[in-house]
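Asks: This is the feature table in TrEMBL:
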TRANSMEM  7-25  transmembrane segment
TRANSMEM  45-64  transmembrane segment
TRANSMEM  85-106  transmembrane segment
TRANSMEM  139-164  transmembrane segment
TRANSMEM  171-190  transmembrane segment
DOMAIN    290-392  domain 'FAD-binding FR-type'
């Protein structure tokens, strides 16, 4: 509920900022609701791209799960739902990515249809009606990175389905590691600076009347405007003068002395994802260093119903009942690894520990064929015990 409320609040807050913010007045007049939806969905994407990595920091979660700082049993159970939360954030990223892309397609059309010669710095189009060639240099980086990110996200999403994970786990694992490419492109995606905001709100309130510009364009204006105007004044408008409606609001005129100035936003995506990404990379490095110590397989027992028991030894290995280990065998797969619950823990007098694994997929089948001398033998009657010098 807290995660859902945070997403709704962030979406609505960003939507109102771009809908009512004075600094986005001219940009909103040009793009309409497409601007608000694109930026609001981007905020939700930043949040979930930040949170989706945290459930995968298994060392940190294991430390919190076993420490005395998390005393509540309900809180520890929430930590056990890390995979569910990871999937939830991933689905949210897919949904709001579709919404974000659709809103930007509408923005590209509005840039072309609502082209305004008064705000050249704000336009991404070169002329009215330009749809296919919208300022290619300014949208090349965000457009190209956005397309590649959509393709990467599509591969990760489709390869995460249950059917592919069961039939070929390697496809799921290798495509899921493309998230490094996704995050690198995500930080480059916001460097285009297509959407801009107004910086001189005090000198040029949105929708104000600039008499100096009017005189330069040789337009007919009332004599009351021919005097020198301050930077910004709000005075009652004389009733006997006839002035176009945009210059008058509620019988008051808003006067400005300079043209609006626009500036691109400083990229903020790195602020969201740099912390979790660095934490995850440090943890992956720690797990890699910790796994470099050799593990000696002492024996393998083949039980009925395609169950394999593997007993191992490792220096300075300590564990408690109920914990799990992650098995990684380079001879089976270079990057793939799987968690298994310990069914035998090391003690003070015996350093052997073991796991029971069910042969149900391609990884476990190759692992069994690598360990057993004759993997096609009938094991449905009695368990078969094999003990030999296995490779480390």
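The first residue you see is number 1, and the count goes up from there.
Just so it is clear, glycine is given a Cβ too, placed from its N, Cα and C backbone atoms.
A TrEMBL annotation is a machine prediction, not a hand-curated record.
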Asks: Over the span of the domain 'FAD-binding FR-type' (290-392), how high is the average pLDDT in this prediction?
Replies: 80
Asks: By DSSP, how many residues in the domain 'FAD-binding FR-type' (290-392) are helix, how many strand, and how many coil?
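Replies: The breakdown for the domain 'FAD-binding FR-type' (290-392) reads 11 helix, 35 strand, 57 coil.
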Asks: Are there residues at least six beyond either end of the transmembrane segment (171-190) with Cβ under 8 Å to its Cβ atoms? List them, or say none.
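Replies: Those are 49, 141-142, 145-146, 148-149, 152-153, 155-156, 159-160, 164-165, 265, 267-270, 273, 277, 333, 335-336, in sequence order.
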Asks: Who are the chain neighbours of the transmembrane segment (45-64) in space, where the CB to CB distance is under 8 Å and they lie at least 6 residues beyond its ends?
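Replies: Sequence-distant neighbours of the transmembrane segment (45-64): 3, 6-7, 10, 70, 79, 82-83, 85-86, 89-90, 92-93, 96-97, 100, 183, 186, 268-269, 272-273, 275-277, 279-280, 283, 286-287, 323.
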